[in-house]
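Student: Following this message is one structure expressed as structure tokens.
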Amino acid sequence: MAKLIVSDLDVKDKKVLIRVDFNVPIKDGVIGDDNRIVAALPTIQYVIDHGGKAILLSHLGRVKTEEDKAKLTLKPVAERLSELLKKPVTFVPATRGKELEDAINKMNDGDVLVMENTRFEDLDGKKESGNDPELGKYWASLGDLFVNDAFGTAHRSHASNVGIASNMKQTAAGFLMEKEIKFLGDAVDNPKHPFIAILGGAKVSDKIGVIENLVPKADKILIGGGMTYTFYAAKGMSIGKSLVEKDKIELAKKIMDQAGDKLLLPVDSVVATEFSNDAPHKVVDGDIPDGYMALDIGPKTIKEFKDALQGAKTVVWNGPMGVFEMSNYAEGTLEVGRALGDLKDATTIIGGGDSTAAAKQLGIAPKITHISTGGGASLEYLEGKTLPGIAAISDK
């Protein structure tokens, strides 16, 4: 269903509340990766260029104790945003009260204000993450319009997304949210064929909904990562010391029955005696020997997966093929990334931290059609679920 976009709103002279996703890694006040801040710039820039006042809300990490507040303040984020926008950004170290209200009332058209981490409200009874109705209503009262550009939290029903939206006459998606809905939505609902899904990661349980939703839609589903060996166990193969979810073996059997020859499992694996980069390792076909654990897909599988990708028109990749953070077990993930970067005339979509990190490490990120900013949110979207943060945005 088509949603209102920020460019559909008349923002001139308006106080525009924008829920952004500034949940960036920060250590000792230094931002490790500002991608999420950069991703929010088009929406913020649009509002201020069109004479609106941009009031930004975001969470940062999980705030469980008073001590967390010092580490999880949005102050460094506001400073970085100021550098990126090349203009002053007001930071207010409060999530409610007179200081915040006064600062908002002093804003001129084109000004930008960042208020403190919305999850500071979780210290007193999870008001933000529990979508406290009073908090949502209060935040909504601070603005005239609401724009949700935080796809990363769209699968959560929080006061700062659903709470504000339900107290506003008009809400819209930001440009980042629009892009996520377009690419992920097209992949799920209207993909160009051949449509290939590449799913990795440790657990079948994390990806089960995605696999079930994509089996009828995809032409091939390539499985890698630790979850491979739950499928191996379901086939009656030996898995050695490899990761296995025993309670998911029956489910894996059911999926294999449903998917038939659409499901491609690794035919060889890189195995080691210990979960360590320094452990002796080798490549084995099929069964995993006793005393060994599988930590990456092998060279024959890499070739099979690359062959399967040839001619693909839509590819969704979520999850690593092996223990990507250890160099000896990173090859599968890197080779799949290279193959994706080499595809011509295909819509390529990457989600998940490790897959995204691989794309950046390889320098193929510019060749990828869309890199999703939402981990859990993109997975739930691929599962075909309705995301509360998107459902709360006004329809066109």
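Going from the start of the chain as shown, residues are counted 1 onward.
Any Cβ shown, glycine's included, is placed from N, Cα and C.
A quick note: this is a predicted structure, and the numbers were derived from the prediction, not measured.
As annotated by Swiss-Prot, substrate binding site applies to ASP21, PHE22, ASN23, ARG36, HIS59, LEU60, GLY61, ARG62, ARG119, ARG156. Residues or ranges marked as ATP binding site in Swiss-Prot (evidence: sequence analysis): LYS207, GLU325, GLY352, GLY353, ASP354, SER355.
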Student: Indicate the candidate from ASN23, SER355 with the smallest number of other Cβ atoms within 10 Å of its Cβ, considering only these binding-site residues.
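Tutor: Among the binding-site residues ASN23, SER355, the sparsest Cβ neighbourhood within 10 Å belongs to ASN23.
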Student: Counting across all protein chains shown, how many other Cβ atoms sit within 10 Å of the Cβ of GLY353 (ATP binding site)?
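Tutor: Step by step: centre on the Cβ of GLY353 (ATP binding site), count other Cβ atoms within 10 Å, giving 11.
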Student: Just checking, which of GLY61, GLY352 (binding-site residues) has the fewest C-beta atoms within 10 Å of its C-beta?
Tutor: GLY61
Student: Using a 10 Å cut-off, grab the number of neighbouring Cβ atoms around the Cβ of ASP354 (ATP binding site), all chains included.
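Tutor: ASP354 (ATP binding site) is surrounded by 21 other Cβ atoms within 10 Å.
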Student: Pop the Cα-Cα gap between ASN23 (substrate binding site) and LYS207 (ATP binding site) into the table, whole Å please.
Tutor: 23
Student: Which entry in the list of binding-site residues, ASP21, GLU325, has its Cβ near the fewest other Cβ atoms, using 10 Å as the limit?
Tutor: GLU325
Student: Across all protein chains in the structure, which of the binding-site residues HIS59, LYS207 has the highest Cβ count within 10 Å?
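Tutor: Result of the Cβ crowding comparison: HIS59.
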Student: Hey, how far is GLY61 (substrate binding site) from SER355 (ATP binding site), Cα to Cα, in Å?
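Tutor: The separation of the Cα atoms works out to 21 Å.
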Student: In DSSP terms, helix, strand or coil for ASP21 (substrate binding site)?
Tutor: coil
Student: Hey, does DSSP put SER355 (ATP binding site) in a helix, a strand, or just coil?
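Tutor: For SER355 (ATP binding site) - judged by DSSP and reduced to three states - the answer is helix.
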Student: Looking at the binding-site residues listed here (ASP21, ASN23, HIS59, ARG119), whose Cα lies nearest to that of GLU325 (ATP binding site)?
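Tutor: Result for GLU325 (ATP binding site): the nearest of the binding-site residues is ASN23.
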Student: Provide the number of Cβ atoms within 10 Å of the Cβ of ARG119 (substrate binding site), excluding the reference atom itself.
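Tutor: Here the count is 25.
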